[in-house]
Structures are given as C-alpha cells and as structure tokens.
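If you scroll down you'll find the structure; I have some questions about it.
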Ligand code: BG6
C-alpha cells in the first residue's frame, strides 16, 4: 500500500464554494478517520484578507453543519489550517507565498512535499502554474510538487490542448492530476470490480448478449446560484463531456493487465478513442437538446431556466442532453449506448442499466421480461439484477423479479465521499482515478461536433421542470423499440413513483 508523505496542501480559491463545501470537510473527515499523516498543513490562498484565525472560523461553520462533529478533533484539525492572501494573477506575490510555505514546512517539519490545488475559476488554470514556476515551486529537487486541476479542463478541444501546452511548460504529466469527481465515487469504481472480479458477468459483457445500455445522470435541482457559469457551459460541458463519458469508459473498457495508473488509463483512453465520431445524421437524429421551462411541482412554482439568476432571458443553453452513441470495437459493435443528463428532472439519480438480449426463441410467452442489470451510482448505491421467473399457478407465464444489493447493507465500512477518496490518492501520488491528458482530449474530440453544431441554428426543446425531459428523448429510444427506465430514489422501486 502507498504511504502518505507529510505534505503541505496549498488550496488556491480558498474562499470559494468548492473549498468550503467539499475540500475542507473531506480533509476533516480524513483527519478524523486518521487517514492523514501526523504532520501536514493546509494553506488556503486567495485574494481576500483573512488572518489564520478568521479563516479557520469561516471554515468551521461549514464543518459544523455536519451533526457528527467532534469538537476536540475539530479544534486539533484547525491547528493545521493556515491562510495567505495574495493576488494570484500577480507574479510578484508568489515570492511571499513561497516564503510562507517554507516557514510552514520548517515549523511543522514537513518535507517540502507540496500539493497545489486549483479550486479557482478556470481562467487561472494556466496563470497560477506559470507563476509557481517563476519562483521554482514546480521543482521537485527537495520534495514532490503536484498540481491538481479541477474541471472544466478547457471548454472545447482547442482550449483543452492549449491548456495542456501551457501546463507542460512548467509541470510534467506525472505532476498533473485532472480531477473528475465521478471517478472518486465508490460505485463507479465498483463497476470494474463487478466486471473483472466475477466470472459470471464478463462473458456476457458484449454485443452478442447485450441489447443496449442506458446511462442516466439526472438532477432534481436547477442551476441554483450558478446561472452565470452554467450558461456558458450547458449540460454538454458540465456533465456529459466529463462525468458521463468517464462512466461509459468504466462500463465499456477492456480489462486492464493490473490496477495501476498506467494500465487503467491506457484502457480508458483506448475505449474513449473508439467512440464512433458523430456524423451530421447523428447530430440531427440521435441528439436531443432541451431546456427546462416553468412548471408547478408539488404545489411549488419552479422557474424556467431563462428566469434563473445570471441567465439571459433568450438563452439557448441546454439543460438536458439525450444522446445515442456507438463504440467502434469488437466488443460493442452495433450496441447503442443511450445517455441522458439534465437539471430539473423528477429526482436525483445516476445509474447505468445493461439490457440483455431476449432469449433466441420465446418458449413461454412473447413478452417474457428481459434480463437487466442496474448499477446504481447514487443515491441508494447498489446493484439490481432483474430476471424472469415463473408466475406461480397454472401455465408457464414469466414475471419479472429482482435480486438486489445495497451498499447500505454493508456494516463494516462507511463509504468515502468522492473528494475524500481522491484527496487521499493525491497525497499518495496515485493517479489511477485521475483523467490523463489523452483521455480528456478524446472526450473533447468526441463532443466537438456537438459544440460546432450548437454554433448554428439547432432545435432546442423545452421541457417542463419536474419531468423526464423533452418527448423527443423518448422517441430516440422508442424508434429502436427500446425504452428509458424511469428510476426512483430507491433502487428497488422499478418505476418512477415519487408524488
Ligand atoms: C458537477 C457539475 O461537476 O457535478 C454540477 O458542475 C453537477 O452541475 C454535479 O450538479 C453533479 O455531481 P454529483 O456528484 O452531485 O452527481
């Protein structure tokens, strides 16, 4: 097992939402679980002026919203938190930062291992690394230096390539960690164990036995306070280009020789490079873009996307994407993968459904249930296998029954959140669950025709908030005699049933 070195975690964008809501609570939980090294420091960096103490008090508020808080441990954890105000765009301020890091390293007897976490707006992703390099904070002569880049990694293929180029001027690929928090989810990783540690699934995991695959990333919330960011991004860049394509890679990749960063990421990139390029016909017929409109849901009026704060009232940004894609390789030839993601859908659920082909000859009745495997990523994390069983009584009719497993039934462990898992891996220097440059490019390469298509006039379908998206998305499957599953919060409820 990799050991965690003593290290200083420098978080740029320390007064931002990601730091407060995700990173610091995740580090606190790791600390409580004794997963962090004895000696470590967290240095928050941003423009706003705070003393160490004021920074600690600001962060504590968020951690305290967690009911299971241990005051004594929280106070001890806070002793590891520090703050430095700098103008991150001004190279001259980095000398100050370097001095502060050296002082913390000396006081805490850290070994100059430094993790630079860019939790900032993307406009700073190339600026900060360049300024770090200007004062030698990219050099690994006295300890490792790692750079963590949050999504979005670029906004299209060209900008992703140019961001890579600018990072490579100062950091090497093995120092760069591109985060996609979906890869930190226990249930996404479990897809690999399910597939490659069980001999009953893998022989069936191909186009000979699988009819089609659904991937759903549904959210009940709208864009909340992020309208300004979201309008320039849309569901395509916000969810599909990264999270959903990474999920597809886990479902479709070939088995790696071993589980390590190179082997795993080689397989991931291989399958992403096999995504069948989208033709004009695909763009016109296999893609559905939608935007939520106002509706009454459970007695509450939910505003249209165009009425959200920060969104122009003539916006044509998609809050829903439905897409049918294919993977051009031996395993998946001819198997449609249907993806959908959207805001303001009826519930929050992320899942993969593998639909197996029907038996070749219908012995019992023509409408015997299909076999399907539901891999529930969130919530109610688990797996359910649906299959046909004899309807008790006279005759030989088959009815659908299920075998299910819920992670919540496992007593021995609490699942690490995605950020906890990924922060631990960062400190260990394990890049297995981080996107490599070629994989990020392959994803942009695949979605680029959609981004180009959206620059011209394209159909954008309205859907009422609280529904499963535009009717066109249903037609996308119905045309092929397939259907979306309408999942509930609970894995075992087989159809959407929240009232
Ligand atoms: C983020 C997107 O990357 O993922 C958000 O920017 C989205 O818009 C979120 O809500 C979904 O993540 P999760 O873990 O809640 O499924």
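Each Cβ is built from the backbone N, Cα and C atoms, and glycine gets one as well.
Just so you know, TrEMBL annotations never went through curation; they're auto-generated.
TrEMBL feature annotations, pasted as is:
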DOMAIN    10-190  domain 'Glucose-6-phosphate dehydrogenase NAD-binding'
BINDING   47, 151  NADP(+) binding site
BINDING   181, 185, 219, 238, 343  substrate binding site
DOMAIN    192-485  domain 'Glucose-6-phosphate dehydrogenase C-terminal'
ACT_SITE  243  active site, proton acceptor
With DSSP assignments reduced to helix, strand and coil, which class does residue 238 (substrate binding site) get?
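In three-state terms, residue 238 (substrate binding site) counts as helix.
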Whole-number Å distance between the CA of residue 238 (substrate binding site) and the CA of residue 151 (NADP(+) binding site)?
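Rounded to the nearest whole number, the Cα-Cα distance is 9 Å.
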Find the shortest Cα-Cα separation between residue 343 (substrate binding site) and the recorded positions 47, 151, 243, and name the residue that gives it.
243
Out of the binding-site residues I have (47, 185, 343), which ones have their Cβ sitting under 6 Å from ligand 1?
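Correct list: empty, so none.
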For residue 243 (active site, proton acceptor), which of the three DSSP-derived states applies: helix, strand, or coil?
helix
Here the recorded positions are 151, 185, 243; which one has the lowest number of other Cβ atoms no more than 10 Å from its Cβ?
151
Over all shown protein chains, what is the count of other CB atoms within 10 A of the CB belonging to residue 181 (substrate binding site)?
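Summing over all protein chains shown, residue 181 (substrate binding site) has 20 other Cβ atoms within 10 Å.
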Please identify which of 219, 238 has the densest Cβ environment, defined as other Cβ atoms within 10 Å, among these binding-site residues.
238
Please report how many Å separate the Cα atom of residue 151 (NADP(+) binding site) from that of residue 219 (substrate binding site), as a whole number.
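It is 19 Å, counting Cα to Cα.
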Greatest CA-CA distance (Å) over the residues 181, 185, 219, 238, 343 that the record ties to substrate?
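Largest pairwise Cα separation, rounded: 20 Å.
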Ranking the binding-site residues 47, 343 by other Cβ atoms within 10 Å, which is at the bottom?
47
Would you mind giving the whole-number mean pLDDT across the domain 'Glucose-6-phosphate dehydrogenase C-terminal' (192-485)?
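A mean pLDDT of 94 is what the model gives the domain 'Glucose-6-phosphate dehydrogenase C-terminal' (192-485).
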